[in-house]
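Single-structure report; data block below.
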Amino acid sequence: MALYTIGEVALLCDINPVTLRAWQRRYGLLKPQRTDGGHRLFNDADIDRIREIKRWIDNGVQVSKVKMLLSNENVDVQNGWRDQQETLLTYLQSGNLHSLRTWIKERGQDYPAQTLTTHLFIPLRRRLQCQQPTLQALLAILDGVLINYIAICLASARKKQGKDALVVGWNIQDTTRLWLEGWIASQQGWRIDVLAHSLNQLRPELFEGRTLLVWCGENRTSAQQQQLTSWQEQGHDIFPLGI
C-alpha cells in the first residue's frame, strides 16, 4: 500500500499543507497514520477522501458541515458561500479590523486559496464595487486587509522550495486581483513576488531571467493571447494567470 507525506499529498490534491492540518486538527476530517517521528502519512483512501472534501467545499458547503456529509447524514448545505459572504460583510461593517483579520486568517487555514477567491472574495468584492460611498469604503477596507494577509502568506511560501515567479498585471484596473491570483499561484508551488502596479505595455525583456505570471483580467483579449503565445515562442518564461 502506497503511503504519501503531507507534502506529496498537497501536490497530488492541489491543496495547502496548512489546510490539510486544519482539516485534521480542527474538524477531524482526516486520520493519517504517523511515523515513529510523528510525521503524517496518507494512503490512497485518504487522498480520495481529501478530493471528496474539496468537492463539497467547492459546492458551497462549510468545512464544519462536511464531516456529517461524509457520514451520509442529512445536512442543509444551501447557500453556504452566500452565508460566509454575509459573515464577512458583518465583520467589515463592525469596523473591528482585528476580528476581521482573524476571521480571514481562519478561513485561509480551512480552505484553499482558489476556493476562497472564487466563492467568497470575488463575489463579495463585486457586490461592493459601486458608486455608493459606504460600500466603496468597505471595499477599500477589505482590499487592504486581504493584501496584508496575502503578503504574509507569500512571504511564508517563499521560504519553501519552489520556482520563483513575478505576478504582473497587464492593462488591468483591479490590482487587488493581482494579489489574489498570486496567492493562488503560491499554493501551486510558486514562490511569488507581486508587481504592485499594472503595466499598460508589457515588455518581458525588462524582466530577463524571471518567470512572469501575467494577469490580464477575467477575459484576455485575442491580441493579448496572441502576444503571450508569441513571447513564449521567442523563449520568454511567461504564462497567463486565471481562475
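Cβ coordinates come from backbone N, Cα and C, glycine included.
Given the ranges 6-25, 126-145, 166-185, the record in Swiss-Prot names 6-25 as DNA-binding region. Tertiary proximity for the DNA-binding region (6-25) is limited to same-chain residues at least six positions away from its ends with a CB under 8 Å from its CB atoms, namely 31-32, 39-40, 42, 46-47, 50-51, 53-54, 63, 108-114, 187-189.
Sorting each residue of the domain 'HTH merR-type' (3-72) by its DSSP state yields 40 helix, 7 strand, 23 coil.
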